[in-house]
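Chemist: Marked as L-serine binding site by Swiss-Prot on the basis of sequence analysis: THR236, ALA237, GLU238, GLU290, SER390. As annotated by Swiss-Prot, ATP binding site applies to ARG267, SER268, GLU269, GLU354, ILE355, SER356, SER357.
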Amino acid sequence: MIDPNLLRNNLAEVAATLKLKRNFILDTKELAELEEQRKALQVETETLQAKRNARSKAVGAAKARGENIAPLLAEMDDMGHELATVKAELDEILAELNTIALTIPNLPADEVPLGKDDSENKEISRWGTPRQFDFEIKDHVTLGENLAGGIDFAAGAKLSGARFAVMKGQVAKMHRALAQFMLDLHTEQHGYTETYVPYLVNHTTLYGTGQLPKFGEDLFHTTPLEGEVPYALIPTAEVPVTNLVRDEILNTEDLPIRMTAHTPCFRSEAGSYGRDTRGLIRMHQFDKVEMVQIVDPDKSMEALEELTAHAEKVLQLLGLPYRKMLLCTGDMGFGSCKTYDLEVWVPAQDTYREISSCSNMWDFQARRMQARCRSKTDKKTRLVHTLNGSGLAVGRTLVAVLENYQNEDGSVTVPEVLRPYMGGLEVIGK
C-alpha cells in the first residue's frame, strides 16, 4: 500500500505516474470526493467529541454543586448517539478509501526503466559461458524420464492432473540436495536464519504481503467448515516469512533481519494457459528456497544488491550460466519498487529463463502489515522496508542442472557442490 499522504497531497502527480509507469488508471474524482467526505466527517467527529467531553465536565461540576444533572445527562446521551452515527459514516468512508488503496500498485523507483513488458527489461550483466555441446542435446523432460527413477509426469497427471510430476530415485535425491545446498549456503555464509513456516495461511496474512485482494484467483483456497476461517496454500514462502513481523515494532539496531525458508509453493497459474505445458518450468506445486530481509528504511536499496548477490552465488557455485535483468515498469510485480530477475541458461530452449526474482518492496508491505522500527535514541517509529528473493526455485534449478550437465549417453554429471549431499555420487545414470 502506498503512502496515503501521497494520495491526499499529490493525487494528480501520483495518478499521472501510475498511468505512465504502471498502466494503472486511478479514479481521481472518486478519491477526491471520498477524501473531502473523510475530512468533513473527521472534523465533525472531533467537534462532537470535544462537546461531549465538555458536557461530561459540566456534569461533574453540576453534581459537585448539588444541581440537577438529568438535563445534562440527556444532552450527553443525545450527543453520544449523534457521535456514534457520524463515526459509523466515517468508518464507512475509511473502508472505501482502504479498499481503493489495496488495489493500487507500488510506485517504481526512479532508476527503474520505463517499458511496457519484458521485452524492455534492461540486461545488467552476464556470468558464465553457455556450454557448447558436440552431440545432440536432450531437454530435461527426455533426460528425466530416462534416468534411473527419474521424473514421472504421467504419474503426476494420474494423481493430480496437469502441471504435476513425481520424482524418484537419484533425481528426487538431487532435487532434495539442491534445496539443502541452498539453505546451507544462505544460513552458513549469508547470515540468514532458517525458518519453518505454515503452508496454509489466513487472509490477513495474504493481505499483508499483497496477494489479496488483487491475486485471489492465482491461489488455491480451502473451503472452510462452518465457523472456521478460510485458508489458502502459500504461493511463496515470502508470504508467511514476511508476515512474521506484522504488527511488530522492531529495534532499528537489530536490523537487518534475514530469514530463509524451503517450502513447496502452490499456484493456480490462472493466467498461464498454454504456456510451458511441458516439463517442470511451470507447475502448480514446486519447491523454492526463499530469502526475506527486513531492513532499516534508509538501507533497502543496498540490501537489494546484497540479496540479489546471494541468489547469484547459488548459480555461480553450481556453475550455471545466467544473466541479471533489471525489470522495466511494465514487467514489475504489483508490490515492488525495484526488481532484478536472474535468468539461467536452458540449453534445450537455447535461451535464458527466469530462476530468481529479487525485489525491494519499499514500505508497501510494511504499511499493510503495520511493521515498524524504532531506534533506542528516538521515540518515533518508522515503517520498515521489506525485500524478498528466490534463492532459488528448486525445480527450475534442477532443470538447468540436468540440461547443462547432461552427457551424450543421457546420463547427468552431478555438480561438485552437490556431491556431499548425494553420498559422493558423481553421475546419475540411466
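Backbone N, Cα and C define each Cβ position, glycine as well.
Walk me through the surroundings of each of these features.
Modeler: Taking a C-beta cut-off of under 8 Å and a sequence gap of six or more, GLU290 (L-serine binding site) has these contacts in its own chain: THR236, ALA237, GLU238, VAL241, THR260, ALA261, HIS262, THR263, ASN388, GLY389, SER390, GLY391. In the three-state DSSP scheme, GLU290 (L-serine binding site) is classed as strand.
Residue density at SER357 (ATP binding site): 21 other Cβ atoms are found within 10 A of its Cβ, drawing on all protein chains shown.
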Chemist: Test of understanding: give the count of other CB atoms lying within 10 angstroms of the CB of GLU238 (L-serine binding site).
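Modeler: The Cβ of GLU238 (L-serine binding site) has 28 Cβ neighbours within 10 Å.
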Chemist: Just to verify: the residue among THR236, SER390 with the fewest other Cβ atoms within 10 Å, which of the binding-site residues is it?
Modeler: THR236
Chemist: Are there any residues at least 6 positions away along the chain from SER356 (ATP binding site) with a Cβ closer than 8 Å to its Cβ? List them or say none.
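Modeler: Residues satisfying the criterion: ALA311, ASP341, LEU342, GLY389, SER390, GLY391, LEU392, ALA393.
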